[in-house]
Amino acid sequence: MKKEIVGMLLAGGEGKRLGQLTRKLAKPAVYFGGKYRIIDFPLSNCTNSGIDTVGVLTQYEPLALNGHIGIGSPWDLDRRHGGVTVLPPYIEKQGGSWYKGTADAIYQNRYYIEQYDPEYVLILSGDHIYKMDYDRMISHHKKLGADATISVIEVPWEEASRFGIMNTNEEMTITQFEEKPTTPISNLASMGIYIFNWSVLKSYLIQDAKQANSSHDFGKDIIPKMLAKDLKLVAYPFEGYWKDVGTIKSYWEANMDLLDEHSSLMLNDPSWRIYSVNRNQPPQYISTRAYVRCSLVNEGCVVHGNVEQSILFPGVHIGANSSVFESVLMPNVKVGENVVLRRTIIMEGACIPSGTHLAPSDPDDILVIDKDTEFSPSIAANQ
């Protein structure tokens, strides 16, 4: 069945800078915002944008991600024609390998795309937090008659070297592009969101696959080669909330942004919902001894202590006389009595013994605790 556009969501990233958070999980599977995983954001964006055919390309530690996505029901992607399909590295008769880069991941799954004979392919990263109407970007691509469109956002100059950076003319045509430059030419950064005319992209992927010296990456190889051949590449400016949660600090900051009433990242917008798997837990219980302020407290939580500027995932238990400040507690965390937590991320299923005090030794850092951590009565550590 022909589709005008197919979405390809790159979700195999290891996320090394997230340390313990991705030790057993792919980065897109990391919990976020009290009831979600990071991948819920691009999947929900697809649903809200009317894109009903999405391939999710997995690789590193895919088990949790596969189980979470399932047949795609939460995102209305459980369809006979299209829907969501999980795509591990592709093994052909001639052999196969792990994905060598972002472009190679798409190349290995070109037959998945070709079965829908699309005009366009939307390439997405599965590890960013944002809400975006891809349909507007598609309209921008068509209106300008582009071969490829890159969604862009202005970033602080001091962070520009972490991104693909470009210059454009007044018509938003891209004139220069550098992947993670030492000395950036601008602060206009690629968001890792691309729309390509499929016939054009396919030819470049086939050429790139034959080149042994290529890194098989969109930013390092495909985009520069298209520019060199004078194809029409245009930028699509995005002005909403977007966060690359690639470090512990940025991940924590994005969670805290949800608690800022002035933030543009709002989860209670009925016109643009973020969908996820429903855990079907009982309602939260806040006891008469509890004090909760400026926090997200989800279903199944039991709170007997103080919770301020924090996010509690489903099934979290906070004991009496305990205080939680500026922290993120993942599902089924148990906090004993007389515990103090400050700027701490507690991973799924961890139990914090009564009397424990947890905080980073540097007040600007974030402490991460997993379920295997051994405790003394008082702990302070660097992260």
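Note that the numbers count up from 1, one per residue, in the order the chain is shown.
Any Cβ shown, glycine's included, is placed from N, Cα and C.
Values in this document were obtained by computation on a predicted structure and should not be read as measured data.
Straight from Swiss-Prot, the features:
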- Tyr99, Gly164, Glu179, Lys180, Ser190: alpha-D-glucose 1-phosphate binding site (BINDING)
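Around the Cβ of Lys180 (alpha-D-glucose 1-phosphate binding site), the same chain contributes Ser161, Arg162, Phe163, Gly164, Ile165, Gly219, each under 8 angstroms and 6 or more positions distant in sequence. In this structure, Glu179 is the one among the binding-site residues Tyr99, Gly164, Glu179, Ser190 with the smallest number of other Cβ atoms inside 10 Å of its Cβ. According to its DSSP assignment, Gly164 (alpha-D-glucose 1-phosphate binding site) is in a strand.
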